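Visitor: Quick one: the structure is below, and I'll ask about it shortly.
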């Protein structure tokens, strides 16, 4: 009975996500925004567009269609893609934290340390790490024996609803999900914490309050995104099953596949003075 309302809601969210991330992608191509931070931001926008495009369009079709089926290979491809993009984005956030660490704690050598080769290597390393995680997790899930009703009580193919369809005892597999989540989320998160501990230490040494505020404002957007990703991932994969309902479990993964990709452009554009200036300039030229 809510399918039409959900359709228009997520259609609006998807539209804002695509437009917002495309704007960020184009704005960061401007010659005045050639710093590594904006290169990483451009990659982040591409990952956000890809994540939303893998989940939301199929979900919108399902809201209005009687046939909500997905093929076995289609489900496997969707699961692989969601895990790959999510893990890659999380590793990319760790790379962005390292970039902020070098910019604030070692500003005189920033251009030498964070050269284009290093930036590209960090992005490729994030993609390779995401690919390994995704291949292992997807292969592991689809080697399980499935039986009974092949109905996924979810908006898309994800690990928790798929292993529930298995004929075997899944308690050991649930433990493996927790271990994988800790490795994928908390290992980069620890690197981010170390980076920001050094950053905060450097900020506190700045004598002027204005200088401290300006320096910290360059990191605040990244911190907000990290908090959103870490919070959503923890709630989805590490929270006890009995602590929330089935409907809640279905909606929670939409935070990192639909909501966060929509919020990222707003967070980075509204809180970044340089991005706003270039965006206003580009719009003025078009008009």
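The backbone N, Cα and C atoms fix where each Cβ goes, and this holds for glycine too.
Since this is a predicted model, take the numbers as computed values, not measurements.
In case it helps, TrEMBL gives these features for our protein:
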type	residues	note
TRANSMEM	6-27	transmembrane segment
DOMAIN	20-268	domain 'G-protein coupled receptors family 1 profile'
TRANSMEM	39-57	transmembrane segment
TRANSMEM	77-98	transmembrane segment
TRANSMEM	118-142	transmembrane segment
TRANSMEM	177-204	transmembrane segment
TRANSMEM	216-239	transmembrane segment
TRANSMEM	251-270	transmembrane segment
Visitor: Contact between the transmembrane segment (118-142) and the transmembrane segment (251-270) is defined here as three or more C-beta pairs under 8 Å separated by at least 6 residues; is that satisfied?
Guide: no
Visitor: Using a Cβ cut-off under 8 Å, which residues of the same chain at least 6 positions beyond either end of the transmembrane segment (118-142) come close to it?
Guide: 36, 39-40, 43, 76, 79-81, 83-92, 94-95, 98-99, 159, 162-163, 173, 176, 180, 184
Visitor: Mind checking which residues of the chain, 6+ beyond the ends of the transmembrane segment (39-57), have their Cβ under 8 Å from one of its Cβ atoms?
Guide: 10, 13-14, 17-18, 21-22, 24-25, 28-29, 78, 81-82, 85-86, 88-89, 92-93, 95-96, 99, 116, 119, 122-123, 155-156, 254, 256-258, 260-262, 264-265, 268
